[in-house]
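The block underneath contains the structure these notes are about, expressed in structure tokens.
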Amino acid sequence: MSRVGILVLGPAGVGKSTFCNALITHIQSIGRRAHIVNLDPAAEPNEYEFTVDIRDLISLNDVMEEMELGPNGGLMYCFEFLLQNMDWLEEELGEFEDEYLIFDCPGQIELYTHVPVLPTIVKHLQRHMGFSLCACYILEAPFVLDRPKFFSGVLSAMSAMILLETPHINILSKMDLIKDEVPKRELKRFLNPDPLLMVDEANSQTNPKFHQLNLAITNMIEDFGMVQFLPLEAKNPDSVAAILSYLDDVTQWADNQEPKEPKVEEVEEEE
């Protein structure tokens, strides 16, 4: 039986921790067990207590103070230290066999685009710890109001999908913030990104010498055809339930569960 883990990724401020809290609330409300694993050494206080917290091993504030590093350099140091101490992570996660583990990851995409830190951790979780993983890459819905910014996020999501080499879904969070600003028909063109949206606006705002570059980027997005988004309103239980349904399918959660013995009371009632 493999264990199930959800990697929550995305830029800072898009609602990763809010999604983690909403997801664990829903999972627990339907009688399943779940825990949040914090992999952000600079994490702020959370609604739910972290079951496993990288700050128990190393924290960004301590590293910045002792090593005289900046935030990004300190973060890299923290993860290099974690990679040298993966036995600590194995020990912390060792007792959780049939629970849903939600990994709340830092917002710095450099951890998988510039250096293979997160990909290395993912491979270790899969190969040495028996995890069935799914990555959730989150962008916030207001990005659609700035098309170049949205398509920059699409490229980041595609980069994560390619470099992490793990099952993957993409989420457009904070949908309630754009309900009155974006018609449903146009929104569908963002949930299933239409490259023409970017070309039209980018070409109208940039020097003609960049038009070929804009076209090349949109063609690449279209050729890969990998990125689609699921809408999310974190305060809407039905919206969270829909996301969980996708996660269960991707991780084959039901197939990974061992049959449970009926309770004594249930057996007596049948008799």
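Cβ coordinates are placed from backbone N, Cα and C, and glycine is handled just like the others.
Here Swiss-Prot flags Gly13, Val14, Gly15, Lys16, Ser17, Thr18, Ser173, Lys174, Met175, Asp176 as GTP binding site. The secondary structure of Met175 (GTP binding site), as reduced to three states from DSSP, is helical.
Of all the Cβ atoms in the protein chains shown, 11 others lie within 10 Å of the Cβ of Asn72 (site 'Stabilizes the phosphate intermediate'). Feature annotation from Swiss-Prot assigns site 'Stabilizes the phosphate intermediate' to Asn72.
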By a simple count of other Cβ atoms within 10 Å, which of Ser17, Ser173, the binding-site residues in the record, is least packed?
Ser17
Can you name the residues of this chain that are 6 or more positions from Gly13 (GTP binding site) yet have a C-beta less than 8 Å from its C-beta?
Gly107, Glu140
Around the Cβ of Met175 (GTP binding site), the count of other Cβ atoms that are within 10 Å:
23
In the chain carrying Gly15 (GTP binding site), residues 6 or more apart in sequence that have Cβ under 8 angstroms from it:
Ile138, Glu140, Ser173, Lys174, Ala234
